[in-house]
Amino acid sequence: MHNEHIEEHFNNRNVTELSSEYYMVDIAPYPTDGWGKFTRTLRRAIRGELFVGLWVVLREMIRFDIHTIQYPLEKMPIGPRYRAVHEMKRLWESDTERCIGCGLCEKICISNCIRIDTKLDENSRKEVTEYSINLGRCIFCGYCAEVCPELAITHGGEYENASDQREHFIMYQDMLTPLDKMKAGTQKEFEGFGAITPHEDERVKKTPLAY
């Protein structure tokens with residue numbers, strides 16, 4: 001009974017009368033032969049859109065106002081909190097690896113690209129024997145740096161890591177701070193995602209509710 005009601009309503013629908021809000025569009029037939037396609041292209045060319053695009057190109061050539069940079073000879077500056085290839089920090093006191101092998105970064109990684117192997121040393125303290133990050137799977141979300149209790153893993157500014165070999169994307173020693181950089185005192189600490197960039201007070205307008 002229900003199906004018969006639906007069929008009756010479908011057959012009695014009004015599809016002939018058009019509302020005043022609608023109007024018929026005169027669609028030109030699609031050309032099927034070569035001459036028809038040629039005439040259609042000619043009509044589109046002399047309509048004006050082609051000359052508008054050519055005028056824009058000619059105008060920018062005369063102005064010599066270049067809006068691009070010559071990469072890789074020129075590079076755009078990167079913010080201090082840009083999330084690029086990871087950096088593994090060392091301790092300032094002993095120059096040893098700061099990672100304690102807690103495994104929080106491995107647990108929170110949503111792309112499952114961090115692997116940590118640990119063991120107990122002669123003093124029954126946990127020691128990291130293997131730490132690897134598969135950059136081919138990493139989405140650079142920053143959760144590993146945010147959850148690290150020792151600020152051992154951070155994001156750096158190195159983004160040129162293209163390669164045609166997958167094994168090149170699994171690295172650790174390349175991310176560890178070099179000893180000469182530690183001795184020079186140039187290792188940058190992680191300011192945190194909630195911290196503002198340096199000299200930001202000069203550019204940010206303070207409000208009464210600023211904290």
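Each Cβ is built from the backbone N, Cα and C atoms, and glycine gets one as well.
Marked as domain '4Fe-4S ferredoxin-type 1' by Swiss-Prot: 90-119. Per Swiss-Prot, the feature [4Fe-4S] cluster 1 binding site maps to C99, C102, C105, C148. Residues or ranges marked as [4Fe-4S] cluster 2 binding site by Swiss-Prot: C109, C138, C141, C144. The annotation domain '4Fe-4S ferredoxin-type 2' is assigned in Swiss-Prot to 129-158.
Feature annotations (Swiss-Prot) mapped to structure.
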residue : record                          : DSSP class
C99     : [4Fe-4S] cluster 1 binding site : coil
C105    : [4Fe-4S] cluster 1 binding site : helix
C138    : [4Fe-4S] cluster 2 binding site : coil
C144    : [4Fe-4S] cluster 2 binding site : helix
Could you measure between C148 ([4Fe-4S] cluster 1 binding site) and C109 ([4Fe-4S] cluster 2 binding site) for me? Cα positions, answer in whole angstrom.
12
Residues near the [4Fe-4S] cluster 2 site, C109, C138, C141, C144 excluded, by Cβ within 8 Å of the Cβ center?
C105, I108, I110, S111, C113, I114, I133, I139, F140, G142, Y143
Non-local Cβ contacts of C109 ([4Fe-4S] cluster 2 binding site) (under 8 Å, 6 or more apart, same chain)?
Y143, C144
Give me the long-range Cβ neighbours of C105 ([4Fe-4S] cluster 1 binding site): same chain, 6+ apart, Cβ under 8 Å, in sequence order.
I114, I116, Y143, C144, A145, V147, C148, I153
Any same-chain residues 6+ apart from C138 ([4Fe-4S] cluster 2 binding site) with CB under 8 Å of its CB? Would you list them in sequence order, or say none?
H86, S111, C113
Confidence summary for the domain '4Fe-4S ferredoxin-type 1' (90-119), mean pLDDT rounded:
89
Which residues does C141 ([4Fe-4S] cluster 2 binding site) neighbour through Cβ under 8 Å, counting only same-chain ones at least six apart?
R83, I110, S111
